[in-house]
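Taken straight from Swiss-Prot:
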- Lys15, Leu16, Ser17, Gly18, Gly58, Arg62, Thr165, Tyr171, Asp174: ATP binding site (BINDING)
- 23-28: region 'Involved in allosteric activation by GTP' (REGION)
- Gly57, Asp77, Thr138, Gly139, Asn140, Pro141, Phe142, Phe143, Thr144, Thr145: UMP binding site (BINDING)
Amino acid sequence: MTTNPKPAYQRILLKLSGEALQGSEGFGIDPTVLDRMAQEVKELVELGVQVGVVIGGGNLFRGAGLAKAGMNRVVGDHMGMLATVMNGLAMRDALHRAYVNARLMSAIPLNGVCDDYSWSDAIRELRQGRVVIFAAGTGNPFFTTDSAACLRGIEIEADVVLKATKVDGVYSADPVANPDAQLYDKLAYNDVLEKELKVMDLAAFTLARDHKMPIRVFNMNKPGALRRVVMGEAEGTLISDVQ
């Protein structure tokens, strides 16, 4: 298969789940996984792609779970936001160790730890070839980091939101429970809603749909998958307004 020499996307928003960082550990951050992800992002930067990153916090804390146990949801979500900052600090450090310039911006002020989020500063940094990591979600409780990824993607005028998962894309059913589940190559936004496919929460998904922000779901654990997606090769599932 011939590889397109030019990337298909100039500016991307990469959404990493917190769970992706824990590797096989089951909790926390696996340094090996972190370094591998930093190297994959470095490859994109070397191709001239502008990279924004949103990381979840589920490897360190889950606010929704404690809310069910009686904790105030707002408090739980604030704790979850801080977990994403911890992951962001780890990712920034991994990128710096890989000799990649990176900035960490938080939606909630954390002076001395990271920069405050600024839309104009983020775009300027991206244009200068720096990776920008967006932490603390949207800065508001009740919104997921998937919502933050779509919001930041729209704000920075990214070409696509790349959602890194543990499976090869969007399936017609749970591929673990159903071996006959079909992997979709392309889907329209309405197909996802009609088929009730689990891509991301409804608030995040409808935000992307309303602003015609394409979403590509792919397997981050597959070596080279991120590069193949960015080069426009057949990898994962593309969700857009094209039928």
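A Cβ is built for glycine as well, from the same backbone N, Cα and C atoms used for every other residue.
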**Residues near Gly57 (UMP binding site) in space but at least six apart in sequence (CB under 8 A)** = Gly18, Gly80, Met81, Leu82, Ala83, Thr84, Met86, Asn87, Thr145
**Item:** 8 Å Cβ shell about Gly57, Asp77, Thr138, Gly139, Asn140, Pro141, Phe142, Phe143, Thr144, Thr145 centroid, UMP site members excluded
**Value:** Gly80, Met81, Gly137, Ser147, Ala148
**Message:** Looking only at the region 'Involved in allosteric activation by GTP' (23-28), what is the model's average confidence as pLDDT?
**Reply:** 84
**Request:** Could you round the CA separation between Ser17 (ATP binding site) and Thr144 (UMP binding site) to a whole angstrom and send it over?
**Result:** 11
**Fill in**
CB contacts under 8 angstroms to Thr165 (ATP binding site), restricted to the same chain and 6+ apart in sequence, sorted by sequence, are Ser17, Ala20, Val217, Phe218, Asn219, Met220
**Request:** Starting from each candidate's C-beta and looking 10 angstroms out, tell me which of the binding-site residues Thr138, Thr144 has the most other C-beta atoms.
**Result:** Thr138
**Message:** For Ser17, Asn140, listed as binding-site residues, tell me which one has the smallest number of other Cβ atoms within 10 Å.
**Reply:** Asn140
**Prompt:** CA-CA, which of the binding-site residues Lys15, Gly58, Asp174 lies nearest Phe142 (UMP binding site)?
**Reply:** Gly58
